[in-house]
Amino acid sequence: MGCFFSKRRKADKESRPENEEERPKQYSWDQREKVDPKDYMFSGLKDETVGRLPGTVAGQQFLIQDCENCNIYIFDHSATITIDDCTNCIIFLGPVKGSVFFRNCRDCKCTLACQQFRVRDCRKLEVFLCCATQPIIESSSNIKFGCFQWYYPELAFQFKDAGLSIFNNTWSNIHDFTPVSGELNWSLLPEEAVVQDYVPIPTTEELKAVRVSTEANRSIVPISRGQRQKSSDESCLVVLFAGDYTIANARKLIDEMVGKGFFLVQTKEVSMKAEDAQRVFQEKAPDFLPLLNKGPVIALEFNGDGAVEGCQLIVNEIFNGTKMFVSESKETASGDVDNFYNFADIQMGI
C-alpha cells in the first residue's frame, strides 16, 4: 500500500533542477543567539573590583572561580551560580532562580538570594542570605549566616524574573550534612550586624550607576529574626489574602509592627488548599475558603509582649476593610504552639 506523502516528496525531488541543491532545514533553536560562556564568568582574578549591571546576565548561568582579594557584584538575575576556589572575596549575587554552590572557598563575605544554597569544603564564610529552601552545608566550618538586606531599583523585578518570593526566606534554618560531635560548623551573625560592614557598596564608576542602598527599612527582603531566640513567650500570626495590594499591605504592616517594638520572626508565601485552611484557621476556615482561589497568601509571624493585641489594633486602624486573619492565640513557654507553625508543612505553590 503506497503513501501519498512519500509520493509527493518524491515528485517534488524529481521536479527540482539537477544543479539546485536542497536547502538545509531551519529550526527555531538554530536561530537563537549564541552564548559565549566566557561572557558569564569571572576567573583567575586578583585584587580587582568587577561586576555585571542589570540586564547583562538576564537569566544565564554564571561561574566565579579562582579569584583572590576581589569585590564581585552581579546586579542581575541568573539561572545558577557556582563559586569555586575563591579566597578573601566580597560577593553580591542578585536573585538566582536555581542553586548557588560554594566549593573550596575561604574567608569570603557574601550577600545573595536564591532558590537553593549549598556550601561544600569551605571555611569561614559570612553570608547574608535569602533562600527559598533549607540552606545546606557539607564538610565546612565557621559558616555564619544573616538575613539578606539590600536594595536597588531593579531588584524587585529581578526577584520575579527568578521566580523567587521575597517572603520565602529560610536563611537561618541550616542543615549540616556532616556534623561533628561537640562542634558547631555554623552559627548566626550578631543581630546588630550591619551588612555594609561585610559587603560594602561598590565604588567603581561603572557599578556606582546602580543605586544601591543597604538601609534596613529599604531592604527588598523583609528582615526577620529567623531561628534566633525569641524575646517573648507571645507570638502573633497574620495572614494576608491575595489582592491588588497584598505585598504593599504586608510591608506596611511589618513597618508598623517593628516601629512599635515588635519583632518579625519569619514570613512565608504559599498557595493554600482547603485542608491547609482548616488546619490553620480552624473554626474560622469557612470564612476564608472563598479567598484562597484568588492566589497565594502571605503569612507573617510577629513576636513580643502584647503582639496579638498590638497587631489587631494596627489592622483595625490602618487596614479597615482589608481581609486578614489575625490569630487570637498566644505561644506560651509551656509549649503551646501558635497557628503559624501549621504553615511549616504547607509546600510552596506560587
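Indices start at 1 and increase along the chain as displayed.
Backbone N, Cα and C define each Cβ position, glycine as well.
Now, the feature entries from TrEMBL:
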- 1-10: compositional bias 'Basic residues' (COMPBIAS)
- 1-31: region 'Disordered' (REGION)
- G2: N-myristoyl glycine (LIPID)
- C3: S-palmitoyl cysteine (LIPID)
- 11-31: compositional bias 'Basic and acidic residues' (COMPBIAS)
- 24-179: domain 'C-CAP/cofactor C-like' (DOMAIN)
- G98, S99, Q115, Q116, F117, R118: GTP binding site (BINDING)
For the GTP site built from G98, S99, Q115, Q116, F117, R118, further residues of that chain with CB within 8 A of the site's CB center: T80, V96, V100, F101, C114, C131, T133
Chain-internal residues, separated by at least six, CB under 8 A from S99 (GTP binding site): T80, I81, C114, Q115, Q116, F117, R118
Spatial neighbours of G98 (GTP binding site) that are distant in sequence (at least 6 apart) but have CB under 8 A: A79, T80, C114, Q115, Q116
